[in-house]
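Undergrad: Quick one: this structure, given as structure tokens, is what I'll be asking you about.
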Amino acid sequence: MLPGLALVLLAAWTARALEVPTDGNAGLLAEPQVAMFCGKLNMHMNVQNGKWESDPSGTKTCIGTKEGILQYCQEVYPELQITNVVEANQPVTIQNWCKRSRKQCKTHTHIVIPYRCLVGEFVSDALLVPDKCKFLHQERMDVCETHLHWHTVAKETCSEKSTNLHDYGMLLPCGIDKFRGVEFVCCPLAEESDNIDSADTDYADGSEDKVVEVAEEEEVADVEEEEAEDDEDDEDGDEVEEEAEEPYEEATERTTSIATTTTTTTESVEEVVREVCSEQAETGPCRAMISRWYFDVTEGKCAPFFYGGCGGNRNNFDTEEYCMAVCGSVKSQSLLKTTQEHLPQDPVKLPTTAASTPDAVDKYLETPGDENEHAHFQKAKERLEAKHRERMSQVMREWEEAERQAKNLPKADKKAVIQHFQEKVESLEQEAANERQQLVETHMARVEAMLNDRRRLALENYITALQAVPPRPNHIFNIIR
């Protein structure tokens, strides 16, 4: 297809879709966007100079719901009519992230996927159609799905035509970060394999291994710089109160800095689905406790888990039906692992229950209930989830290393180690589930006991008032009320 003809067809279809452009972004140097990294202040794009800036209030950190993200967009861009948000197609590298209450920030760099703050009436993205590429679109008026769902639809459609996804955009909004369709551009494999800007490649070099290495280097540099900042703060005496929070925040950053998933333009649909559906359920760095579904390769079915609201990975679905529709065909034996003989003689041991419970479960259980019961429960739950995420990340790093070692080995030699890592993950998930259940049951029992104490005290006061001589009707009425 000639480029000119492709653009004509694109314009004609856009007009047919009745999506009329508006001037919401007229005069702006950059598109309104917000970015979050838990433990650090939120960032937003300065639309006048095209630079990322820290949260103006100096207090806002990661937000766990799409509604909250939309509200935050409206707060940082009060002069714009922000009507919706959508996850960006590509991750970005942002520098100078500040911790909460920091007066000065050093060059802390993180790679995150920002959210675009959509201005005014929705307008579909203008997609360029290179030579030999095709513009396609799909709409389903009976569904209302997320950015991730429509990205998967576009990717699978291109793969069915033996092409790669080059670029894509959402169509027909039906909710906050939810849409009824997608427009996309498919390009031939030969041309797209050399295109580093492909929408199907999450990072510029298309290499998962390199991304992990960069993240780990950032992690080490981050920790060193933050320790230096802590020393300066101690000397100034300005931020003593924040020090108690930093061990947890740094542990969260170590977890989230490696929680990146990449797919390359040369992968087939089957490989992409297998990669996504083979990932373990990951709560992510936020703590919203949203009920979601993930595909369990050991059971061959979808199972529920709690999602924190940000971060995590793509094995994360709103419903069980959607989860099975995407991952139902994945078989556990298709996973690439390594043989036991290529692992260290004494594999890295997972932290035991005793390592996490003193900070999370036991400390909460040993503290008697009081008027601050809910706050104690929330803190214990957050610590438990942070410890679980850190332990799961350690196992996944071991698994990834084993997978790299096993690329050239026969499949028959990999079965024992597949079982080895699956049992590790199952054990951690079961242990975390048991601890969560114990926390919830204890919390509910304490709340019930507190309510019973209040009822008993109210009844005693009522009986005492009735027996008072002489009777005091107003006092009795106040007690009943």
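Quick reminder: no glycine exception, Cβ is built from N, Cα and C everywhere.
Remember, predicted model here, so these are calculated numbers, not experimental data.
So TrEMBL has the following annotated:
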- 28-189: domain 'E1' (DOMAIN)
- 28-123: region 'GFLD subdomain' (REGION)
- C73-C117: disulfide bond (DISULFID)
- C98-C105: disulfide bond (DISULFID)
- C133-C187: disulfide bond (DISULFID)
- C144-C174: disulfide bond (DISULFID)
- C158-C186: disulfide bond (DISULFID)
- 215-250: compositional bias 'Acidic residues' (COMPBIAS)
- 254-267: compositional bias 'Low complexity' (COMPBIAS)
- 277-327: domain 'BPTI/Kunitz inhibitor' (DOMAIN)
- 360-481: domain 'E2' (DOMAIN)
- 385-445: coiled coil (COILED)
Undergrad: Using other CB atoms within 10 angstroms as the count, which residue among the disulfide-bonded residues C117, C133, C144 scores least?
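TA: Each of the disulfide-bonded residues C117, C133, C144 was scored; lowest Cβ tally within 10 Å is C144.
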Undergrad: Fill in the CA-CA distance, C98 (disulfide bond) to C73 (disulfide bond), as an integer in Å.
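TA: About 19 Å separates the two Cα atoms.
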Undergrad: How many Å lie between the Cα of C105 (disulfide bond) and the Cα of C144 (disulfide bond)?
TA: 41
Undergrad: How big is the gap, in Å, between the Cα of C187 (disulfide bond) and that of C73 (disulfide bond), rounded to a whole number?
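TA: Pair distance, Cα basis, whole Å: 34 Å.
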Undergrad: Can you tell me which of the disulfide-bonded residues C117, C133, C144 is spatially closest to C186 (disulfide bond)? Compare CA atoms only.
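TA: Closest by Cα: C133.
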Undergrad: Just give the helix, strand and coil counts over the domain 'BPTI/Kunitz inhibitor' (277-327), going by DSSP.
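TA: Per-class counts: 10 helix, 15 strand, 26 coil.
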Undergrad: What does DSSP assign C158 (disulfide bond), in three states?
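TA: For C158 (disulfide bond) - judged by DSSP and reduced to three states - the answer is helix.
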Undergrad: Have a look at the disulfide-bonded residues (C98, C158, C174, C186, C187) and report the one with the fewest Cβ neighbours inside 10 Å.
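TA: Checked C98, C158, C174, C186, C187; of these disulfide-bonded residues, fewest Cβ neighbours within 10 Å: C174.
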Undergrad: Looking at the disulfide-bonded residues C73, C117, C158, which has the shortest Cα distance to C133 (disulfide bond)?
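TA: Closest candidate to C133 (disulfide bond), judged by Cα separation, is C158.
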Undergrad: Here's one to test understanding: among the disulfide-bonded residues C144, C158, C174, whose C-alpha is closest in space to the C-alpha of C73 (disulfide bond)?
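TA: Answer for the nearest of the disulfide-bonded residues: C174.
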Undergrad: In the structure shown, with every protein chain counted, which of the disulfide-bonded residues C73, C105 has the densest set of Cβ atoms within 10 angstroms of its Cβ?
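TA: Going through C73, C105 one by one, the largest Cβ count within 10 Å is at C73.
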Undergrad: By DSSP, how many residues in the domain 'E2' (360-481) are helix, how many strand, and how many coil?
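TA: Helix, strand, coil within the domain 'E2' (360-481): 104 helix, 0 strand, 18 coil.
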